[in-house]
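Beneath this line is the structure, given in structure tokens, with notes to follow.
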Amino acid sequence: MSDYSPADSAVERFPRLTAPRRTWRAMSGGARYIAYTRISLQLIGVGMLLFTLLPLLSFPASRELPVPGLVVAGLLGLVSLGLMVAVLELHPDLNSRPRREVRPFFLAGFIFNLVAWGFSLVLVVADLPDGYRVLGVLGAVWLLFNLSLTYLPWLRWRWVWLSGIGLVTMALSYRITSEGVAMLFWVVGAAALVATVRITLWTIELFREVEAARQTEAALKVTEERLRFAQELHDTLGQHLAGMSLKAELALALARRGDDRLEGELVELQRLARTSMSEMREVAAGYRGINLATEVGGAKSLLADSGIALEIRGDALDVVPRDRELAAWFVREATTNVLRHSDADQVRLRLGPEVVSMSNDGAGREIRALSGLKALRHRAEHNGAQLLVERDGEQFTASLIFGGNP
């Protein structure tokens, strides 16, 4: 059954009409929230303009206004509204991506609205017909709302500006309307607008921080996976290369003596090389697994080839299943370190549900930094376990403690 739908056909037939929808669907959750908030604030501004114009129709005196006066008032309102939309649309705090510089629009809009607000108050106090004075009151209220929504939230002294503009508007308008409660409501509403925008900006900043944290987490996961791959490659090849080195030295010694066992050692060396190549490919493909019992058997074989006796206490099945993979990496790395960094004759491997440890009696020489165990410690901590390394004279012990409890 095909997944092709009529919606897909519409996208193909009308790409320009469906572009906004596709752009919206392609946004992240944070970007959608920011865009939704920006559009909502713009719609609030349009709604406030309509809200302040409705009382104009209820005043009989407003019907006596000449047409030129209404046209001028309408043009001023549209310019103020357009600047408001532009500032909210371009402001970086309300966008998830870079936009055009908002500063010129912000300064022009702020100055224009202050001048228009002052002009509206002149109409209120001037000796003009009541229609002009009512128009001045409504214009001052609209501009108070506009300033509170678009400009004051971004000013340092926003509450001082709001108090000054609001109190002056309320005091002068009261002379015309005699509606003190209504004027107080308008000033409180303007203060609520400033507070709402500030809270909105705070929530947007939280969304941005969450989005940045998600991106950082994704980058860390990629880095962690790269480190894990590098460590797994090191752990995979390290033991085999150590075994191949021992086999090569043994084969060289046999060749010098003309020993018949040379061919068998060369065959074993070839097998190790092929195994290394195969496991390296599996690691690169991401499908390689590791088995504790196999690693214990491999450690016993490699140590025996080097003339080192291995005493095993416990069994791979004694380790809790969820911890066996980590234990297998521990056995592999610990065995590699014995072969590379010690002169051991005796190795003891302990397998249990709470701890897996390997000790050897060959720590007489100075031990260099064991980068493999350091990386294994990070792997153990990531899995809630703990890796301890102890040295007592010539006795060197590495212990993997599950659950992080020593």
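For all residues, glycine too, the Cβ spot is worked out from N, Cα and C.
As written in TrEMBL, here are the features:
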| type | residues | note |
| --- | --- | --- |
| TRANSMEM | 35-57 | transmembrane segment |
| TRANSMEM | 69-90 | transmembrane segment |
| TRANSMEM | 102-126 | transmembrane segment |
| TRANSMEM | 132-152 | transmembrane segment |
| TRANSMEM | 159-177 | transmembrane segment |
| TRANSMEM | 183-204 | transmembrane segment |
Positions on the same chain near the transmembrane segment (183-204), where near means CB under 8 A and six or more residues out:
33-34, 37, 41, 44, 93-94, 141, 144-145, 147-149, 152-153, 158-159, 162, 166-167, 169-170, 173-174, 177
Using a cut-off of under 8 Å between C-beta atoms, tell me which stretch among 35-57, 69-90, 132-152 contacts the transmembrane segment (102-126) the most.
132-152
Surrounding residues of the transmembrane segment (35-57) on its own chain - C-beta under 8 Å, 6+ positions past either end:
24, 27, 77, 81, 84-85, 88-89, 94-96, 134-135, 138-139, 141-142, 145-146, 149-150, 193, 197, 200, 204
